[in-house]
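Participant: Got a structure here, written out as C-alpha cells. Questions coming.
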Protein chains: 2
Amino acid sequence: MTERLSLRARSLDDADALAPWRERFIVPDGVIYLDGNSLGCLPRATPQRMEQVIRGEWGAGLIRSWNSADWVDLPARLGAKIAPLIGAQPQEVIACDSTSVNLFKLIAAALDMQRDRGNGARKVVLSEPGNFPTDLYMIEGLERQRLARRRLASRDSLLSALDDDVALLLLTHAHYKTGELFDMGELTRAAHEAGALVLWDLSHSGGALPVHLNHCVADGEGADFAVGCGYKYFNGGPGAPAYAFVAERHLAALRQPLTGWFGHAEPFAFSDDYTAARGIEQLQCGTPPVLGLAALEVGVDLIAEMGVARLYGKSQALSEFFCQCLGECGVALELVSPSDPHRRGSQLSYRHEHAYAICQALIARGVIGDFRDPDILRFGFAPAYLRFADIARAVGHLAEVMRTGEWQRSEFHRRAAVT
Amino acid sequence: MTERLSLRARSLDDADALAPWRERFIVPDGVIYLDGNSLGCLPRATPQRMEQVIRGEWGAGLIRSWNSADWVDLPARLGAKIAPLIGAQPQEVIACDSTSVNLFKLIAAALDMQRDRGNGARKVVLSEPGNFPTDLYMIEGLERQRLARRRLASRDSLLSALDDDVALLLLTHAHYKTGELFDMGELTRAAHEAGALVLWDLSHSGGALPVHLNHCVADGEGADFAVGCGYKYFNGGPGAPAYAFVAERHLAALRQPLTGWFGHAEPFAFSDDYTAARGIEQLQCGTPPVLGLAALEVGVDLIAEMGVARLYGKSQALSEFFCQCLGECGVALELVSPSDPHRRGSQLSYRHEHAYAICQALIARGVIGDFRDPDILRFGFAPAYLRFADIARAVGHLAEVMRTGEWQRSEFHRRAAVT
C-alpha cells in the first residue's frame with residue numbers, strides 16, 4: 001500500500017460522519033471484514049440485550065412474557081421499524097420466518113390473487129437466470145404442485161418476456177453476485193402494465209441503500225410484495241428471521257398458504273377453523289422465534305439511527321476508494337459489478353479463475369471477503385463498521401496475494417463445506 | 001395444605017433420583033411453574049452457551065463459523081440428538097423452522113407421495129376436531145390450493161373415517177388441552193391398513209414421555225412422519241425451532257414443497273435448478289436460525305441426559321400426587337384428562353366456567369398454570385425441575401383460591417392479549 005493511499009484513507013476517515021458508529025459494533029482484532037453482505041457484524045449492544053431476553057424475559061418472566069414483554073407483537077413491531085427503511089408503511093411489514101419461507105408465502109399469494117381476479121390462466125412466475133438460488137427454487141416447489149410455471153429470462157429480455165401468461169415478476173433488487181441494481185420503478189411499472197404483480201427480494205439492498213417500495217413509480221402503484229434478509233445489512237445474527245412486505249392495497253385480499261395459528265385473526269380463541277388476521281399479521285405462521293427477533297431488533301435499531309441514505313453514501317465512497325486503491329496498486333481484476341456506483345449495491349465483485357484460492361489466501365491474512373461459485377470474488381462494503389483505512393489495507397493484502405502468487409499454495413485450494 | 005401432605009411431599013422428594021437436576025434450571029424465586037408444557041424453563045447452561053455463540057462464534061468467528069463452528073450441520077446434528085428420544089434413527093430427524101411450517105412440508109409431502117403411488121384421488125387429510133389449531137389450519141392452506149381436503153372425525157369415529165379417500169392421518173400424540181394419549185401403534189396400523197400415511201404431532205409428548213415412532217407397531221411399519229416443538233419439554237426458549245421426522249423408507253421418494261436453498265443437494269453450487277438433498281436435510285428451507293438452534297441444543301442435551309423414561313415416571317408420580325392433594329384439600333374440580341396416568345401425557349386439565357379467572361388468581365400467587373379457551377385450567381408437570389413440595393404448595397394455593405372465592409376479583413377477569 002502506498003503512503004499516499006494511507007494518507008488519503010486517513011483524511012476520508014477523519015471526514016466520515018459515520019466513523020463513530022464503528023464503536024457500536026464488535027469487529028474482531030486483526031480482521032478486515034468485507035463480508036457484511038453475507039453475515040453482518042455483531043452490534044455491541046446485542047450480547048447484553050440477549051442476556052436480558054434470556055435471563056430476564058425467558059428465565060424470570062417465563063410464559064408471562066408473551067404479554068409483559070410484549071413478545072406477541074414483536075414480529076409486527078419490528079416490521080414497523082424496518083418499514084421506513086424500505087419505503088413502506090409500518091402496517092405493511094412484518095418480521096417472521098426465513099426469506100425462503102416468505103418467498104413461498106408471497107409467490108403463492110400472488111398466484112392466488114391472480115386467480116381471484118379471474119386471471120387463473122396466468123401461472124408464470126418470471127425471474128432471471130442467476131438470481132439468488134432460493135428465489136428460483138421456491139418457484140419450483142410450487143411448480144411441482146402445478147400451481148406455478150417458472151420462466152427465466154435474461155436481464156435484457158425481461159421486458160419482452162412479460163406477456164399475458166405472467167402472474168408475477170420476481171427479482172432481486174441488488175444482485176447477490178454482482179451487486180447490479182434493477183431499476184425498481186421501471187420494472188414495477190412494466191410488470192403492472194403487463195397485468196403482472198411484482199415481488200422484490202431486498203436481501204442485498206434492505207438496510208444498505210434507500211429503497212422506495214411504495215413510491216418507486218412516480219405516477220403509479222408501487223411494488224406489490226417484497227421480502228428481505230435479517231442477517232446481512234441488518235446485523236441480526238446467523239440465520240436471523242427475515243421480513244416480508246405486502247402493499248396496503250392488497251392486505252384485505254391477501255391469502256397466503258402457510259395458514260398457521262399465529263396468522264389467525266384470534267390465535268388464542270383456539271377455534272378449529274382458520275380465519276386470517278386482517279393485516280400483515282396474517283403472514284405469520286408458527287410461534288415467533290423470540291430470541292432471533294430480539295437480536296434482529298438491535299441491528300435494525302442501529303441501521304435506523306444511522307439512516308440508509310447516509311450508509312449508502314458511505315458504502316459508495318468505500319467501494320470507489322477500493323477501485324482507486326486497486327488502480328494505484330496495479331491490481332488488474334475483471335470487474336463484474338457495474339462501474340457506475342449508482343447502478344450497484346454495497347459490493348464489488350471480480351471474476352477470476354482462481355477466485356476461491358485467492359479468497360482463502362486473503363482470509364488467512366485476516367481480510368474476509370467471499371467466494372461465489374464458480375469464479376467470483378466478492379467484497380462487501382458494510383459502511384456501518386468499515387473504515388477507509390480498512391479498504392486501503394485490504395487492497396494492500398490483495399496486491400501482495402496477487403503479486404507473490406501466494407494463493408497458489410495447496411492449502412488455499414481445499415474446499416470447505418460452506419464456501 | 002395439611003401437615004401430612006407436606007411430609008409426604010418431603011419423603012417423595014428425598015427419594016426422587018431426578019431431584020438434583022432441578023439445579024440445572026433457573027426457576028424464579030416465588031414461582032411454582034406448572035406451565036413447562038407451554039414454555040419450558042431456562043436451563044442454567046443456556047445463557048453461557050448463548051454468550052459463547054453470540055460473542056465467540058458470531059462476533060469473533062463471523063462468516064467463518066459456518067465451517068469452524070459447524071453451523072452448517074447444526075440442524076441435522078441436533079435432529080440426531082432428538083431422534084433417540086422419539087424412537088427414531090439419527091438420520092431421520094432434523095431441527096428446522098416452526099412446527100407449523102414443518103406440518104405444511106410433511107402434509108404436502110404425504111399427498112405428493114400418494115400421487116406418486118398412483119393414489120392421486122386420495123386427498124383427504126383426516127384429523128380430529130379440537131386438535132391443536134395450527135395442525136388443522138395448515139391443512140386448510142393446502143385445501144385452498146385444492147391439494148387437500150380436510151376431514152375431522154371425533155376420536156371414537158376415527159377408525160371408521162379411514163376410508164379410501166384418506167391420504168394422511170394427522171394426529172397429536174398427547175392432546176394439548178386434555179393430555180389424552182392416542183395409542184400410536186393402533187392408529188398407525190389402522191391407517192396403514194387403510195392405505196393412508198400417518199403424521200404424528202409430538203409437541204406435547206416429545207421430551208415428556210417415551211415415543212416409539214419406528215417401533216410403535218409390533219409387527220408392521222412404524223410412523224411415516226412426525227413433527228414436534230422445541231420450546232415445551234425440550235426447553236429451547238420462546239419460539240425455538242421445531243423438529244421433523246421422516247421414516248427412512250420414505251427419504252428417497254420424499255418431495256416437500258418448501259424447496260429452499262438449504263434443502264438443496266449442493267447449496268453452495270448456486271445452480272439455477274433445485275435438486276433435493278438425498279437425506280433428511282431436504283426438509284430444510286432457508287438459512288438455519290443458529291441462535292435458536294444453539295439454545296435448543298442445550299435443552300435437548302439435558303433431556304437426553306435425564307432420559308425420557310425416568311422423566312415420564314416422575315411426571316406421572318407428580319400428577320398422581322397432585323390428584324391426591326386435591327382430594328385431601330377437598331377441592332372438587334371436573335377432570336377432563338384421563339384419570340389413568342398411563343393414558344395421559346405430563347399434564348392434568350380441569351373444566352371450570354371461570355377457568356380464566358382462577359388461572360389469573362393462581363398466577364398472582366406465583367402458581368403459573370395456564371388457561372385454554374373457553375373453560376380449561378391446565379397444569380403441566382415438567383419433571384425436570386418440579387418438586388413434589390411444589391405440587392403440595394400449588395394445591396394449597398388452589399384450595400385457598402377456591403375456598404375464598406378470590407378468583408372473583410375483577411382484576412382476574414381482564415383478558416390479556418395472550419391467554
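For all residues, glycine too, the Cβ spot is worked out from N, Cα and C.
Automatic, uncurated: that is what TrEMBL annotation is.
The pyridoxal 5'-phosphate binding site annotation in TrEMBL covers B:Thr99, B:Ser100, B:Phe132, B:Pro133, B:Thr134, B:Asp135, B:Thr172, B:Asp201, B:His204, B:Tyr231, B:Trp261, B:Thr287. The N6-(pyridoxal phosphate)lysine feature in TrEMBL is assigned to B:Lys232.
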Participant: Quick one: of the binding-site residues B:Thr99, B:Thr134, B:Thr172, B:His204, which have a CB under 8 A from chain A's CB atoms?
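Facilitator: The binding-site residues close to chain A are B:Thr99, B:Thr134.
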Participant: With pyridoxal 5'-phosphate as the bound species and B:Thr99, B:Ser100, B:Phe132, B:Pro133, B:Thr134, B:Asp135, B:Thr172, B:Asp201, B:His204, B:Tyr231, B:Trp261, B:Thr287 as its recorded binding residues, calculate the greatest Cα-Cα distance and give it in Å as a whole number.
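Facilitator: Greatest Cα-Cα span of the listed binding residues: 30 Å.
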Participant: Validating a neighbour-count step here. Other CB atoms within 10 A of the CB of the residue listed as 'N6-(pyridoxal phosphate)lysine': how many?
Facilitator: 28
Participant: Provide, as an integer number of angstrom, the distance between the C-alpha atoms of B:His204 (pyridoxal 5'-phosphate binding site) and B:Lys232 (N6-(pyridoxal phosphate)lysine).
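Facilitator: With the alpha carbons as reference points, the distance is 8 Å.
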Participant: Write down the Cα-Cα distance for the residue listed as 'N6-(pyridoxal phosphate)lysine' and B:Trp261 (pyridoxal 5'-phosphate binding site), rounded and given in Å.
Facilitator: 29
Participant: When the Cα of the residue listed as 'N6-(pyridoxal phosphate)lysine' is compared with the Cα of each of the binding-site residues B:Thr99, B:Phe132, B:Thr134, which one is closest?
Facilitator: B:Thr99
Participant: Under a criterion of Cβ-Cβ distance under 8 Å and sequence separation of at least 6, what residues of the same chain contact B:Thr134 (pyridoxal 5'-phosphate binding site)?
Facilitator: B:Thr99, B:Ser100, B:Leu103
Participant: For B:Thr99 (pyridoxal 5'-phosphate binding site), what is the tally of other C-beta atoms lying within 10 angstroms of its C-beta?
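Facilitator: I count 29 other Cβ atoms within 10 Å of it.
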Participant: Go through B:Phe132, B:Trp261, the listed binding-site residues, and name the one with the sparsest Cβ surroundings, counting other Cβ atoms within 10 Å.
Facilitator: B:Phe132
Participant: Is it possible to get the count of other C-beta atoms within 10 angstroms of the C-beta of B:His204 (pyridoxal 5'-phosphate binding site)?
Facilitator: 28
Participant: Does DSSP put the residue listed as 'N6-(pyridoxal phosphate)lysine' in a helix, in a strand, or in coil?
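Facilitator: Coil, per DSSP.
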Participant: B:Thr172 (pyridoxal 5'-phosphate binding site) has how many other Cβ neighbours within 10 Å of its own Cβ?
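Facilitator: Result for B:Thr172 (pyridoxal 5'-phosphate binding site): 26 neighbouring Cβ atoms inside 10 Å.
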